[in-house]
Structures are given as structure tokens and as C-alpha cells.
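> One structure, as C-alpha cells, below. Some questions next.
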Amino acid sequence: MAAAAAPAIPVLVAGGVAALVLKFFSRRPPAAPEIQGEASDDGKDASSAPEVPPITLSWHKICCALQAKDGITTVKRLLKNLSGEAKAGRLLAIMGPSGSGKTTILNVLAGQLAASPRLKLTGLLFVNGTPCVSTSYKVAYVRQEDLFFSQLTVRETLSLAAELQLPGSSTAAERSRYVDDILQRLGLVRCADTPVGDAKVRGISGGEKKRLSIACELIASPSVIFADEPTTGLDAFQAEQVMETLKKLAQDGHTVVCSIHQPRGSIYSKFDDLLLLSEGSVIYAGPAQNEALAYFAGLGHSCPEHVNPAEFFADLISIDYSSPEKESASRKRVEAFVEIFATTLYATRSLSGTEPAPVKLSTQYVTQQKVGWWKQFRLLFRRAWLQAIRDGPTNKVRSRMSVAAAMIFGSIYWRMGRSQTSIQDRMGLLQVAAVNTAMAALTKTVNVFPKERAIVDRERAKGSYGLAPYLAAKLIAEMPIGAAFPLLFGAILYPMARLHPSAKRFGSFSSIVTVESFTASAMGLCVGAMVPTTEAAMALGPSLMTVFIVFGGYYVNSENAPVMFRWIPRVSLIRWAFQALCINEFKGLKFECDKPYDLPNGEQALERLGFGDSTINKAMVEEGRILLFWYTMTYALMRKNKPRYQRIVAPDESS
């Protein structure tokens with residue numbers, strides 16, 4: 001009996017350790033003190049963020065081409081000899097029709113262009129007149145998609161970013177004041193204690209999410225802020241608020257660059273500088289207001305009165321594909337614009353020495369100061385725990401499904417006796433229990449983890465934390481919640497079906513299904529780390545699990561399986577869980593015998609299944625190995641699939 005209860009030991013110990021620290025980690029932070037008074041006239045108060053070094057970012061002859069698999073033939077030129085500059089204290093807008101290269105040049109300047117062997121990226125970058133490589137200056141990048149942990153509040157999200165990114169020498173009070181200041185500067189004080197939310201949980205608005213994205217990027221006091229179409233998906237009012245925020249950041253001394261698609265007139269009026277692109281080429285680069293209109297008026301294209309300049313430019317530089325004639329005419333117009341601009345003063349003055357005097361950027365502004373391993377673990381543990389424990393909709397659904405499944409199976413196998421037919425019933429019930437537990441854990445994980453991985457990839461790319469503390473914190477924090485549902489399932493099913501009537505046997509049953517649930521979740525993590533989308537994970541995960549079910553010990557005896565498939569039962573998490581459950585149930589069980597060939601005891605039933613020479617401990621050791629295998633594969637895949645970005649190389653002298 002003692003041996004049978006052995007599988008419970010790791011679960012109970014881990015659960016006990018987790019329980020001791022949960023109370024400490026799950027405490028909500030004390031309410032932040034209210035911010036007294038209003039900001040001063042210049043938009044800053046006494047606790048404002050430290051000043052950032054002014055940076056003028058210049059780029060020269062940026063070319064990006066998509067090549068064929070041979071690495072020689074050019075399939076498409078995404079960017080064609082782009083040159084320009086973004087100045088400190090000014091808001092630069094990159095505009096152009098869809099496919100013009102807005103996001104591509106933004107990614108290049110931010111050092112965030114996804115690496116590909118088929119891409120060729122050349123050009124020169126200058127920071128305050130000094131040549132540099134991509135990301136050798138401190139930048140913030142606000143992407144189109146606003147991804148957050150939905151159960152955390154705005155303040156908790158921002159506080160975690162501050163804990164991970166601010167220097168360790170700062171005190172808790174200083175970090176709290178810093179967070180309060182950013183909340184005030186970005187207009188997030190009103191919703192500071194509201195959960196971020198998602199499709200399942202109502203939270204903050206789309207505009208507030210966008211401002212929260214900006215706030216998280218501001219934690220590290222970046223000199224340059226990039227925003228990729230920050231108004232996408234927002235209504236007119238929210239879009240206005242977001243762009244007003246970016247304008248204020250520019251006025252505070254940041255260099256702000258955003259790509260935007262046909263903004264309304266009031267938003268266009270906030271732009272200081274403008275970069276117009278079409279088909280990957282520069283149409284215009286210079287001041288955004290009267291100068292831009294005067295430039296095109298000089299070319300014979302005047303903007304009509306009461307017409308939004310952004311709409312006027314969009315119509316002027318777009319290719320009209322509605323007919324061959326219109327396409328030809330519009331393409332010639334655009335090509336003429338490109339040629340004319342290349343000879344203008346606007347095109348040549350950006351690299352003519354107008355930048356500030358070169359400055360040496362200290363590592364304070366170049367590198368990310370990452371906090372220690374244990375602090376990363378503590379912070380990430382608390383985030384994972386809060387996300388898991390507050391996810392009411394998911395937890396309610398899983399609880400109801402566990403109860404419903406237990407009630408249904410318990411009713412079908414109601415109070416089994418000791419007849420010969422109950423042997424088959426017991427085997428069927430234990431197989432169903434193993435399959436249901438595994439599928440429930442797998443489905444939940446593959447449905448959630450790919451979305452979470454997108455957030456983690458972004459944070460890791462910024463250097464906020466390492467992969468090891470993240471995975472360790474996630475696995476331990478989710479253990480109590482992950483164990484609750486199989487335990488609930490077993491607590492209802494076991495007495496209803498009248499399985500082996502022993503407290504120790506029930507403890508072993510609960511431990512087995514719990515460990516199996518952890519293994520299935522680990523498999524789900526691996527699948528989620530392997531594929532790029534939730535849809536792909538939902539397709540691959542259950543398909544792979546079906547194979548493990550077929551070779552799970554009930555449908556196919558491993559000794560009778562074809563030689564080429566005999567390795568599958570050894571790696572099937574269903575097989576080892578089912579085997580342990582059968583040993584736990586049948587060992588020492590006596591059955592009624594009416595005929596000479598009847599099975600008098602459970603040991604003979606185990607022999608029929610090929611489990612006669614095994615033990616619960618041996619089965620659980622194998623299950624544990626599979627668990628560690630999936631965890632190791634998850635780590636390896638996430639490490640391998642960490643976002644990598646294209647390096648920019650200097651152009652050939654002849655170009």
C-alpha cells in the first residue's frame with residue numbers, strides 16, 4: 001500500500017511548497033497614493049521621467065529586397081534607396097498606400113525586421129551623425145497588436161514592467177512614483193486599477209490599451225519611439241487621444257516616428273515632419289504642413305480647399321488598378337514624383353550636417369539592465385499566479401466540464417460490482433478517465449499558450465527577462481490550479497463508480513490523474529511553442545493525442561503492435577497513466593466466478609493487458625520522464641524560435 005501511495009508524494013510536496021508562497025505572492029500591491037496637483041505648464045511635474053539624450057536618427061540608401069531561393073535573383077524590391085531623418089522633439093509620420101513599405105522601413109529603423117535568408121537589407125544608419133548598427137540606441141516599439149495578460153490591472157502591468165526594466169538600485173518608492181507619473185502622463189489614472197481584459201473579460205478600451213502599450217515602452221526612458229499604425233482599429237476620438245499622446249512625447253524631447261494610413265485632418269495637423277512612400281520609394285520627405293502642400297503645388301498638384309491633406313496625398317501617390325489605362329497613368333505620375341524628389345533640396349539636406357554634434361552613447365542608454373534570476377522568477381511567478389487564479393471564465397468552464405464529465409461517466413459506470421463483466425467496465429472507465437483528463441488539460445493549454453507566447457517573445461526580445469525563470473515560474477504557479485480539476489473529477493467519479501474502496505487507492509488514483517494532467521499540459525506547451533498560431537496548435541495537439549490514445553494500452557496491446565510502431569506506447573502519456581490506474585484498481589481485487597475460465601482476481605486481468613510485471617511506481621517514473629521530455633522540448637523550441645531580426649549591412653561602394 002505504501003508503494004501504491006508513492007506517486008502522491010511529489011504532487012503533495014510541490015503543492016505544499018506552492019501553497020506556502022502563494023499567500024505572499026498573490027497579495028495585491030498597496031494602493032498607490034493619489035497624485036496631488038496638476039502637471040506644470042510644460043507638461044512635466046516634479047516626478048517626471050528622467051531626461052533622455054536627444055537623438056536625431058538618419059538613414060541613407062536603405063534598400064530591402066526579397067530574393068529567390070537561389071539567393072541571387074530579386075523577386076521584389078520592398079524598399080528602394082530610402083533616405084531621411086527623424087529629429088528629436090518632432091513627430092515624423094510615415095504615410096503611403098497599402099504595400100508602400102511603411103511598416104518595413106519602420107521595422108528597419110527600429111531593428112525589428114524579422115530575419116529571413118531570402119531578405120537582403122542594405123543601407124546606413126546614423127545616430128546624431130555617428131554611424132551605428134540597428135538597435136544600438138535605446139528605442140521603444142509600439143506595435144499594431146496590443147498584447148497583455150488580460151487578468152492584470154493597468155497598474156500591475158506597468159509596475160511589473162518597471163520592476164523588470166528599471167535599475168536594481170532604484171527603491172520601491174521611486175519605482176511607484178515613476179509608475180504613477182507615467183500613468184498620469186498617458187491619461188491612464190482613471191483606469192489604473194481596471195483589468196486589461198480580453199475577448200472573454202471586459203476591460204479597458206482600445207485607446208487605453210494603445211496608451212498602455214506606449215506606457216510600457218516608456219519605462220526604459222527610450223530616446224526614440226516607433227509606433228506602427230497606432231490608430232488602427234480605434235474610433236475617431238480614441239485615435240485622436242493616442243496621437244495627442246505621441247505628440248506630447250515628442251514635445252518632451254523624444255524622437256517619435258509612426259506609420260499611419262490616411263489619418264483625419266485633426267491628426268494630420270499634429271505631424272511635424274512627413275515621409276511619403278509609394279511602391280517602396282520616397283515621394284516626399286520634409287516638413288509636414290504648409291511646406292508639403294507648397295511642394296506638390298509647385299509640381300502642379302494643389303490641394304483643394306477644405307480637403308484633408310492626408311487624403312489628397314493618398315489619392316495623388318496611389319496606383320489606380322481599376323483599369324490598365326488608369327494604372328499606367330498613375331504609375332507614370334508616381335515614377336515622376338520619385339525622380340523629381342531625388343533631385344530636390346529636401347532629398348539631399350538630411351545628411352548635410354544638420355544633425356546635432358555627435359555624442360557618445362553610454363551603455364546606460366544602449367543596453368538593457370536585466371534584474372537577477374530570482375527576482376525575475378518572483379515577479380513572473382506572481383504574474384502567472386494572478387493570471388491563473390483570476391481567469392474566472394476559464395476556471396468556471398473547466399470546473400463545470402470536470403463535474404459534468406465525472407457525473408456522466410459515474411452514471412454510466414454506476415457502482416460497479418465484482419462480476420466478470422465489471423472487469424471490462426473497469427478497464428473502459430479507467431481508459432475514459434485517462435483520456436478525459438489528458439484531453440481537458442491539452443485543449444486548455446493549446447488554446448491559451450500561443451497567445452501568451454507572443455507576449456513573452458516580445459518581452460524577451462526587449463531583454464526584460466530570461467526564458468528559464470519564465471517557464472519555471474509559469475509551471476509552478478499554475479500547478480495548484482492545474483491539479484484542482486483532475487482532483488475534482490476524481491473526487492466525484494471514484495465513489496460514484498465504486499472503484500477500489502480504499503483511501504490509499506483513492507489517493508493514488510488522484511495522484512495519477514494529476515500527474516497525467518501535468519504531462520498533457522506540458523505536451524500542450526510544446527505544441528504551442530512549435531507552431532505559430534492557436535489554430536495550428538488546436539489542429540496539431542488533439543491529432544497527436546489521438547495517436548497516443550490508440551496506443552494507450554486499451555485498444556492495442558503493445559506486444560501485438562507492428563514493430564515500426566512499438567516505440568509509440570513507450571512515449572504515450574495515456575498508456576502509462578492507464579497502466580498505473582489499472583494496477584491501482586485491480587491489484588488485490590477479487591471477482592465472482594461462475595465458470596472455470598473466469599478471472600478470479602485482478603492480477604489475472606492485469607496479465608491479460610500485459611501489465612502483470614509492472615508497478616505503479618514504474619509507470620509513474622515513465623510518465624515523469626515523458627513530462628520532463630515535453631518540458632525540455634518546450635524550452636528548446638522557445639529558445640530556438642526566439643525572434644531574430646535582420647541585420648543591416650553597408651551598401652556596396654558602387655551603389
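Cβ coordinates come from backbone N, Cα and C, glycine included.
Nobody curates TrEMBL annotations by hand; they come from automatic prediction.
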> When you get a sec, could you say which of 6-30, 506-530 is annotated transmembrane segment by TrEMBL?
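My reading of TrEMBL: the transmembrane segment range is 506-530.
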> With Cβ-Cβ distances below 8 Å as the criterion, list the same-chain residues six or more beyond the ends of the transmembrane segment (470-494) that contact it, or say none.
11, 14-15, 18-19, 22, 25, 376-378, 380-385, 388-389, 395, 398-399, 402-403, 405-407, 409-410, 429, 433, 436-437, 440-441, 456, 460, 506, 509-510, 513-514, 516-518, 521, 631, 634-635, 638
> Looking only at residues six or more beyond either end of the transmembrane segment (506-530), which have a C-beta under 8 A from one in the stretch?
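Result: 4-5, 7-8, 10-12, 433-434, 437-446, 449-450, 453, 478-479, 482-483, 485-487, 489-491, 494, 499-500, 537, 540-541, 544-545, 573-574, 577, 580-581, 584-585, 616, 620, 623-624, 626-627, 630-631, 633-634, 637-638, 641.
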> Return the average pLDDT for the domain 'ABC transporter' (57-304) as a whole number.
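The average pLDDT of the model in the domain 'ABC transporter' (57-304) works out to 89.
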